[in-house]
Amino acid sequence: MEFSVKSGSPEKQRSACIVVGVFEPRRLSPIAEQLDKISDGYISALLRRGELEGKPGQTLLLHHVPNVLSERILLIGCGKERELDERQYKQVIQKTINTLNDTGSMEAVCFLTELHVKGRNTYWKVRQAVETAKESLYSFDQLKTTKSEPRRPLRKMVFNVPTRRELTSGERAIQHGLAIAAGIKAAKDLGNMPPNICNAGYLASQARQLADSYSKNIVTRVIGEQQMKELGMHSYLAVGNGSQNESLMSVIEYKGNPSEDARPIVLVGKGLTFDSGGISIKPAEGMDEMKYDMCGAAAVYGVMRMVAELQLPINVIGVLAGCENMPGGRAYRPGDVLTTMSGQTVEVLNTDAEGRLVLCDVLTYVERFEPEAVIDVATLTGACVIALGHHITGLMSNHNPLAHELIGASEQAGDRAWRLPLGDEYQEQLESNFADMANIGGRPGGAITAGCFLARFTRKYNWAHLDIAGTAWRSGKAKGATGRPVALLSQFLLNRAGFNGEE
């Protein structure tokens, strides 16, 4: 699908369809008012007859409106004007895209980017429209033998901006929006792949392909079990012992800043391509969704794709920690004591608290890069889902400025995170009689004690932890990966690269 921006008046558009907003109760947006004036009150007469109230998501498709060059006008309800916030704006865009696609409008000029969204500029509105449009049109049908496609799909979308001065920022918004949307799609595709296809080897092959596609800036190295053993990554290796699939750690290095002083930002993604729970096996119900336990790695992969696509002038390293947690004759057990790469020992009380055992070794491994900051992304705890539900990602950090930066980026991107504490009081719950620490700390504050566990391996750099257990995928009828937090991390890196969207 093609996107572009222009600045023009609605009556001069020769497009197949013009999209304008209507507020409650039956109030025309400024652009809709212009069209109403040209058509001698045709639109307002329809509203007076009760054809459209203007409630969020309501639509009315008009054909051959008098004195208007465009074949169709799509009126879309935007709710009350003062209540049009970021969430509602995105819902209106989503409804617009779905309606255009369903009604066979192959091209459209959208004036919704001229609506006032509190505290948001044209760049934000255009970029969010692009990302939302791509999200609305996403489908995962690679493994279906029959694919359903609309007869006349939407192919071209033009966003109108209020002044010619804003064309440049609109074009940049499209460029950024497309790159982020492609990263989200890549993350969703990886997440939705079944575990018999998407194992650690598959993740590694995707990482290598990324380096092939962006060979100018990206180098990928894949570290296998033998090398991990030599590095002393015994905790990571223990988790994969029960699986026939080899554990593989894929390290994707992107260099956008040639300066020797430029330290990299490191992103670490938990890549449990299937988590049965191991010997502490999970219940059968919903176990199929444990293919999504690699959504952290999928998100990191998506972000690395975005960074390479936009050629950001920063250095970023993405680590996909690929592994599979299965029961078997070689599987690690409750009661085992593991020696981590850092030298610290861990008593395993539950083999289903495996993500932290993989991440702790990777967090030690990345010390060699002397990072500016390290952010790990993981579907880590069910406790985070209890604390924050399925709408907001959990954030913990040992560095206040980094935490504030990430929270700010999450608000900018509309991919929200909320900070949880990392107090020393919680560390007591991880005490063990037989090792330096236990791998679980009981039910109270489970998301926080998991963060506290990881914090013991991140003392040499600024670090943040994103627990995406509640936000990485949806269950039920709309089951599928969400691609979060690609948008959040993309915004964070855009800000670091000097593209914060404040035109």
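Any Cβ shown, glycine's included, is placed from N, Cα and C.
If you check Swiss-Prot, you get these features:
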BINDING   Lys270, Asp275, Asp293, Glu354  Mn(2+) 2 binding site
BINDING   Asp275, Asp352, Glu354  Mn(2+) 1 binding site
ACT_SITE  Lys282  active site
ACT_SITE  Arg356  active site
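Asp293 (Mn(2+) 2 binding site) sits 12 Å from Asp352 (Mn(2+) 1 binding site), taking the Cα positions as reference.
Close to the recorded Mn(2+) 2 site, the chain also has Val239, Leu272, Met290, Met294, Cys323, Asn325, Gly355, Val358, Ala378, Thr379: residues not among Lys270, Asp275, Asp293, Glu354 whose Cβ is within 8 Å of the site's Cβ mean position. Secondary structure at Glu354 (Mn(2+) 2 binding site), as computed by DSSP, is coil. For Asp275 (Mn(2+) 2 binding site) paired with Asp352 (Mn(2+) 1 binding site), the C-alpha to C-alpha distance reads 8 Å. Checking the recorded positions (Lys282, Asp352, Arg356) against Lys270 (Mn(2+) 2 binding site) with a 10 Å Cα-Cα cut-off leaves Arg356. Apart from Asp275, Asp352, Glu354, the residues listed for Mn(2+) 1, the same chain places the Cβ atoms of Val239, Leu272, Ser276, Gly277, Gly278, Ser280, Lys282, Met290, Asp293, Asn325, Thr351, Ala353, Gly355 within 8 Å of the centroid of those Cβ atoms. When each of the binding-site residues Asp275, Asp293, Asp352, Glu354 is scored by how many other Cβ atoms sit within 10 Å of its Cβ, Asp352 comes out lowest. When the recorded positions Lys270, Lys282, Arg356 are compared by the number of other C-beta atoms lying within 10 angstroms of their own C-beta, Lys282 comes out lowest. Taken residue by residue with DSSP, Lys282 (active site) is part of neither helix nor strand, so it is coil. Note: the CA-CA distance between Arg356 (active site) and Lys282 (active site) rounds to 17 Å.
Counting only the Cα atoms, the space from Lys282 (active site) to Glu354 (Mn(2+) 2 binding site) is about 12 angstrom.
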